[in-house]
Amino acid sequence: MESLIPTWQVSFLFGILTWIVISSMLNLTRIIRSVTQPWVSSCVISGTPVILQIQKYQHTLLDALFIGLSSVVSVPFYTGFLPLLFWSGHGKLARQMTLLMAFCDYTGNCIKDVVSAPRPKSPPVRILTVTKDEKENAQEYGFPSSHTLNTVCLSGYLLHYVMSCNENTDVSFQLAAFACVALFVGLIGLGRIYLGMHSVVDIIGGLVLGLAILEFWLCVHEHIDSFVISGQNVTSFWVVLSFLLLFAYPTPELPTPSFEFHTSFTGVALGIVTGVQQTYDHFHHEHVARVFTTELPIAAFAGRILVGIPTILVVKFCSKALAKWILPITANALGISIRSSGYVPALTTSTVKKSNKDKLSNGYLQKMSFFSSQDSFDVDSAIRLLQYAGLAWSVVDLAPSIFSQLNL
């Protein structure tokens, strides 16, 4: 009789839990930081003249160009673009890029907060932050460059996908496509230096890490996709994985938004996996209608956008409201002390704690959370995770169901 929970899943999750315990006991984050931070920081300082040399050519047109390019490869842009990719009929590409983006975001932000290396100092460097997203990015640590890392991985995977779907293309087309991707990556890296957001070492780190992740992903992406669409115990495995990743995340030297960014996209990955696994045969198989064909003309695709965007925004709002109501009640019932950074007003003024007597009787689960040195948990992280999981689920499950009813 086949096991309800495959052995590899238990081993994988237990391995992550073991890593959380060992790294917490040995304080590995501080050890690694003590080795890497001084070297990276010295590289940032020594690289300042290079930044200033590049910024000598500042011009309003270059400002607009590099700000625009940075916006195109930002996490908010991908978050808005990926639903359209799902609804266009390119389900495999969309779910692979979503999971790859989540992996890149988690890995890059982990390294940022482990190393905790500063961005270029301003002044003398001119740091140009126009959008809200860029201002939040400026609060993160610098090494490695997330924009460079994400661009290498996602444009590289897109190139691989196009090539694999058009195996009969000639060598000149392949070289031209590769040159375009390389130029795009180069412009992104140069733009991050020009805008004063990163030093040369940050860009090199993002490039090297991005190539390594891309190579790894190309080796495992088919196995991951097969597991998501037809694997055993997919949803429960991914829920536990997402939960463990919250605790496996390293503590930065100073608070940054990186953990919030990772939590949001981890929630997106959870919602996508859950929704696709349940509705693959209905909406996401390889023979669904694709945009610019007779089965899905541009007018019908536009209708999907007009219906789908408001739908997922409503679900995002409702998911957040529901999580804000359920999670504090659940935590209180389990005897877990919680606090809120802003989502739950009643928990923002003071940490909700029980008396010592209540802790002895009801707080056993909290005591068992030895991998956290905190005496309470920030409920906002769990709220954010569920909020974006609900949004992503609506992209691949609820919205396609509505499209089907409306014949879109």
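Glycine is no exception: its Cβ is also placed from the backbone N, Cα and C atoms.
Curation does not apply to TrEMBL; its annotations are automatic.
Marked as domain 'Phosphatidic acid phosphatase type 2/haloperoxidase' by TrEMBL: 94-218.
Residues or ranges marked as transmembrane segment in TrEMBL: 12-32 (among others).
Annotation source TrEMBL lists transmembrane segment at 39-58 (among others). Taking Cβ pairs closer than 8 Å, the transmembrane segment (39-58) reaches residues 115, 117-121, 124-126, 142-143, 190, 193-194, 196, 199-202, 205 in its own chain, all 6 or more past its ends.
Taken from TrEMBL, the feature transmembrane segment covers 64-87 (among others).
The transmembrane segment annotation in TrEMBL covers 173-194 (among others). For the transmembrane segment (173-194), same-chain residues at least 6 beyond its ends with a Cβ under 8 Å from one of its own Cβ atoms are 50-51, 54-55, 57-58, 62, 65-66, 69-70, 73, 145, 147-148, 151-152, 155-156, 159, 162-163, 200, 202-203, 206-207.
For 200-220 (among others), the entry in TrEMBL reads transmembrane segment.
Only residues 6 or more beyond the boundaries of the transmembrane segment (227-249), in the same chain, are considered here, and those with a CB under 8 A from a CB of the stretch are 2, 4-6, 9, 12-13, 16-17, 19-20, 23, 95, 99, 106, 109-110, 113, 259, 262-263, 266-267, 269-270, 273-274, 276-278, 280, 284, 371-372, 381-382, 385, 389. Feature annotation from TrEMBL assigns transmembrane segment to 227-249 (among others).
Per TrEMBL, the feature transmembrane segment maps to 296-315 (among others).
Over the domain 'Phosphatidic acid phosphatase type 2/haloperoxidase' (94-218), the average per-residue pLDDT in this prediction is 89. Cβ atoms under 8 Å from those of the transmembrane segment (200-220) belong to residues 40, 43-44, 47, 50-51, 100, 103-104, 107-108, 111, 117, 119, 142-153, 156-157, 160, 185, 189, 192-193 of the same chain, restricted to positions at least 6 beyond its ends. Within the same chain, residues 83-84, 87-89, 289-290, 390-391, 393-395, 398-399, 402-403, 406, 408 sit at least 6 positions outside the transmembrane segment (296-315) and bring their C-beta atoms closer than 8 Å to a C-beta of that stretch. For the domain 'Phosphatidic acid phosphatase type 2/haloperoxidase' (94-218), the number of residues in each DSSP class (helix H, G, I; strand E, B; coil) is 91 helix, 0 strand, 34 coil.
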